[in-house]
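Enquirer: Have a look at this one before I ask anything.
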Amino acid sequence: MMVDAVATPPRRPGGIKRFIEAYPFLPALIIMLVLLALNGIWQPRSVSLVGITGLIKTYMALMLLAVAQTYVVYAGDIDLSAGAIVSLVNVVIVAVMASLGDSGVSVLAAMAIGLGAGLACGIVNGIVVAAFRLQAIVATFATSIFFTGLALWVMPVAGTPAPATFWRTYGGRILDVPFVFWAAALLAVILYLLARTRHALQLLAVGDDAQGAYQSGLPVTAIRIRGYAMCGVFAALAAFCITGDTASGDPLVGGKMTLYSIAAVVLGGTALAGGYGTVVGSVFGALIIGLINSLVYFVGTPSEWQNLVQGLAILVALVAGILIGRRARA
Amino acid sequence: MKKLTQLGLAGVAAAAISASAAAAADYKIGLSNGWVGSEWRTQMIEEAQAAAAAWTEKGHNVEVVVQSANVDVPGQIAHVRNFINEGVDAIIINPNSPTAFDPVFAQAKEAGILVISTDAEVSSPDALYVGIDQTAWGAAGAEWLAKALDGKGNVVAINGVAGHPANEMRVAGYRSVFEKYPDIKIVNEVNANWDQAQGQQAMQNLLATNPDINGVWVQDGMAAGAWKSIMDAGKAGDIAATGEIRKDFIDLWTAEKLNSGASVNPPGVMASALNVAVFMLEGRELKEPATAGQYKNAMYLPIPFIDSDNLAEAAKQVDGKPGYYSYTSALSIDEAEALFK
């Protein structure tokens, strides 16, 4: 399991207590496993290898977007344009691949350009929020409209197919293991390495107490911009997964994902006020949302109640996470 | 807490299971709807459920299972994967994206599942589209408007969501018609996101900037908003504008004798798709293979049109229904059968 950098409050003795403090994502992990078991009870095939592969294939993008959002939330900021960045990168890489043809080189070039586009969007957000000191929630709402406009300019209407090389890789297998499992493993390694750098710790320090961080000599503005930049890059990775799973460009594909990514962050035990949390928790949070959506259907909820039950279930998961965390900490 | 969660979910599940375990179905059809923002979608699902129930008289048990919630594109892909896991015979989907489902529909087909999209076309070669041609829908309203204006005048258009495929097709539809009338000038086109209030606001702005408007081409629920602005401005007698199909508007139309005409995208399209699906599951072959549309996989249904000639009939159909109820039509089982060999 990955260990995350957390600005831990002073440690107190006690086994479980210390454990939860060191691994704030544990409640999310427990809830996720419970939901997985419930899914398995109501629809055994949903927890078969095929079912789990499908689950990860579908929600890989949301997991990555939740990670993206977490880096921003660490510093007490928020990014309402994350979904729009996904849309923009999606249409950019599909447009690039369409113009360069179906080959390995064209796919790699498109991904490099896509990462650049995501990074650029993130830096724009960072500058607007941290350097110009606009309120993050409104400023990124505005940039989300701007990025959506750019996406519509690149591709006015959904439709251009992605080359087969791209989505067959995403949906295929390497050495008999589904590609998405490799991607998940790679993500785990990247998150582990990032957690060991000082970036995460600095973001958490800014989120915990921006004034204090500034007074202790941290470049607060630069750190916040870096948080948004990381968010942009991970949003671009999320866009790669969307493109792999949908095999096409759609200028509106990511719009609705933004709020889900924020929900996943909170479900994962990260504080929206900043200063406390883990990226691993957000990954579990994304899976919790996915598993709830499936479970609501598998238990046979009538269609007119599905939205309501889904919302309630997410609330229950949220409360459960808090209760588990509190009992362990008390 | 864990127990509480389980208890709650078990309760919901028990209620659902006792309702659905009545009989083993001949066919199990999954319905997926990815947006619940309008009553039209609710009516669409209810009509499809009623259509499935009607098969009992023909000696078939058609069980429908429904996933309907506000989801993003990955969320609706999850709908399809859930249906595959469950082993349904057919999936009927009102898709959130025209292109994003290609890989997952391919998986469904591999699993032997028939996939039909309705209301919005999909690019997947593994699926079939059963619904109306949105381009023809847009053209029909424009034809009516051109005739109402005697082929000349200034026209404005209020459109839905930019980049949404149905919107782009409808826009292409009215443009192609107005091009044929050299004396009709499109003086302004705006987007009001299929929102009634935004439609009303847009119309107000258009009336303020273009006082010499003769005709308005406007879609769906935005038409009710646009007409409100036209009436507030006291121009209801001077302007011809397209209308919409909900009972509230049909009542207003009748009472105020508005100069209006409405293309109908009936919520019954999903019921039509379901009847077609059952015949395909029976192994029947279409007389004319479904090869229409830009993706060569479409089977277009007739588009009803309401104007002053048949307004009274339309009003009769929606009489006694709630105000948000849409005028509808669907292929009956017999009408669907007539499409097959």
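Each residue, glycine too, has its Cβ placed from N, Cα and C.
Keep in mind that TrEMBL annotations are predicted by a computer and have not been checked by a curator.
Per TrEMBL, the features are:
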TRANSMEM  A:20-42  transmembrane segment
TRANSMEM  A:48-68  transmembrane segment
TRANSMEM  A:80-101  transmembrane segment
TRANSMEM  A:107-129  transmembrane segment
TRANSMEM  A:136-159  transmembrane segment
TRANSMEM  A:179-195  transmembrane segment
TRANSMEM  A:227-247  transmembrane segment
TRANSMEM  A:253-272  transmembrane segment
TRANSMEM  A:279-299  transmembrane segment
TRANSMEM  A:305-325  transmembrane segment
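Each of the listed features needs to be described in terms of its position in the shown structure.
Expert: Same-chain residues lying 6+ beyond the ends of the transmembrane segment (A:80-101) with a Cβ under 8 Å from its Cβ atoms: 61, 65, 68-69, 107, 109-111, 113-114, 117-118, 121-122, 125, 137, 140-141, 143-148, 150-151, 154-155, 160-163, 166, 231-232, 235-236, 238-240, 242-243, 248-258, 261.
Within the chain carrying the transmembrane segment (A:107-129), a Cβ under 8 angstroms from the stretch's Cβ atoms is held by residues 77, 79, 81, 85, 88-89, 92-94, 96-97, 100, 135-136, 139-140, 142-143, 147, 163, 165-166, 224-237, 239-240, all 6 or more beyond its ends.
Within the chain, the transmembrane segment (A:136-159) has long-range Cβ neighbours (under 8 A, six or more residues past its boundaries) at 72, 77-81, 83-85, 87-88, 90-92, 94-95, 121, 124-125, 128-129, 248-253, 255, 258.
Within the chain, the transmembrane segment (A:179-195) has long-range Cβ neighbours (under 8 A, six or more residues past its boundaries) at 2-5, 53, 56-57, 60, 63-64, 67, 169-173, 230, 241, 279-280, 283.
Listed as Cβ neighbours of the transmembrane segment (A:253-272) (distance under 8 Å, sequence separation of 6 or more from its ends, same chain) are residues 24-25, 27-28, 31, 61-63, 65-66, 68-70, 73-74, 78-87, 90, 144, 148, 158, 207, 238-239, 242, 246, 278, 280-286, 288-289, 314, 317-318, 321, 325.
When Cβ-Cβ distances below 8 Å are used as the criterion, the transmembrane segment (A:305-325) is approached by residues 20, 24, 26-28, 30-31, 35, 263, 266-267, 269, 288-289, 292-293, 295-297 of the same chain, each at least six residues removed from its ends.
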Enquirer: With Cβ-Cβ distances below 8 Å as the criterion, list the same-chain residues six or more beyond the ends of the transmembrane segment (A:227-247) that contact it, or say none.
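Expert: Distant contacts of the transmembrane segment (A:227-247): 57-58, 60-62, 64-65, 67-69, 71-72, 74-75, 77, 79, 82, 85-90, 93-94, 111, 114-115, 117-123, 125-126, 129-130, 161-162, 166-167, 169-171, 183, 194, 199, 203, 206, 253-254, 257.
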Enquirer: In terms of Cβ proximity under 8 Å, which residues at least six beyond the ends of the transmembrane segment (A:48-68) contact it?
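Expert: Non-local partners: 79, 82-83, 86, 170-171, 178, 180-181, 183-184, 187, 191, 230-235, 237-239, 241-242, 245, 254, 257-258, 260-261, 264-265, 268, 279, 282-283, 285-287, 289-291, 294.
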